[in-house]
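TrEMBL annotations:
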{"type": "DOMAIN", "residues": "124-293", "note": "domain 'GOST seven transmembrane'"}
{"type": "TRANSMEM", "residues": "122-145", "note": "transmembrane segment"}
{"type": "TRANSMEM", "residues": "157-177", "note": "transmembrane segment"}
{"type": "TRANSMEM", "residues": "192-214", "note": "transmembrane segment"}
{"type": "TRANSMEM", "residues": "226-242", "note": "transmembrane segment"}
{"type": "TRANSMEM", "residues": "262-282", "note": "transmembrane segment"}
Amino acid sequence: MQENSGSVEAIILDIKDRKRIGGAYLKSDMICCTPQLAEEKACKLSQVIIQRNLDNPEWPRSITTSFAGRNQEAKMESVTVRIDKTGMYYLYFMFCDPHLKGTIIKGRTMWRNPSGYLPGKMAPLMVVFGLMSLAYLVLGLIWFLKFVQHWNDVIQLHYHITADLALGMCESALWYFEYSNLNSTGRRPMGITMWAVTFTAVKNTLSRLLLLVVSMGYGVVRPNPGGITSRVLLFGGAYLVASEWYELVEHLGNINDFSGKTALFLVLPVTLLDACFILWIFSSLSKTLEQLQVLVLCLLG
């Protein structure tokens with residue numbers, strides 16, 4: 001029999017039990033069991049310190065994989081872990097042997113809820129986007145009937161609104177199929193996800209641009225955007241790039257839930273541009289209302 005030359009522990013725990021990993025309950029900052037703690041029979045030497053949950057003694061769950069002799073590779077057997085309590089669960093790979101520093105772990109994990117592979121926080125989104133697709137379909141039909149009915153009064157702005165409705169319908173349908181496929185197979189369909197992200201970014205940008213040009217008086221007190229077109233398009237292009245980048249990283253990347261700096265770096269440009277949009281819209285709306293008041297007074301005078 002070959003002696004074990006080190007081991008890696010796969011630890012599964014509820015996020016509420018994070019303080020049960022390490023020596024916090026022993027008033028120690030150590031993660032691994034020390035000879036002193038082992039003598040006190042508080043833990044096992046060279047293993048991660050785990051305080052078991054009294055209500056569920058098997059949790060946090062630890063699965064150990066050991067290196068035999070001088071072997072530099074060890075294979076972890078496939079293990080199915082049943083989780084009966086709703087919560088946010090994490091999987092950590094830990095080792096206490098300093099000789100294992102630099103160990104590379106390769107493989108994949110599969111997480112499945114009773115209703116499918118969608119995580120609990122994403123499962124309601126499939127229903128939401130399904131309902132949104134139907135809502136956009138009904139709204140699109142009503143808009144099309146009104147569009148045909150008032151054909152002679154249609155201006156260019158109405159075509160932009162029609163495009164925005166079409167983008168919203170396609171966006172909702174793509175996200176629904178993306179979440180449905182992920183729920184049934186456990187894998188993201190990259191093609192559908194890319195298109196859904198792109199439609200989302202384009203629709204969000206077009207919606208903000210429409211609101212901005214209308215607040216500037218286009219279609220209300222002026223027949224065309226005039227000299228503001230270049231500034232609006234430049235601002236819209238910047239928002240499109242920032243929004244597309246954020247959506248791509250969020251849905252196709254791997255942002256650690258504890259990495260606030262990365263999330264801030266991605267969210268900050270979109271948030272700042274949104275704030276600029278809001279300020280520009282309200283300031284333009286105020287000027288347009290003043291112009292309308294002047295026109296009304298001229299007509300009454």
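Just so it is clear, glycine is given a Cβ too, placed from its N, Cα and C backbone atoms.
Please treat TrEMBL annotations as automatic predictions, because they have not gone through curation.
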Contact check, the transmembrane segment (262-282) vs the transmembrane segment (122-145), 3+ Cβ pairs under 8 Å, seq sep 6+: no
Per Cβ pairs under 8 Å, the stretch of 157-177, 192-214, 226-242 packing most closely against the transmembrane segment (122-145): 157-177
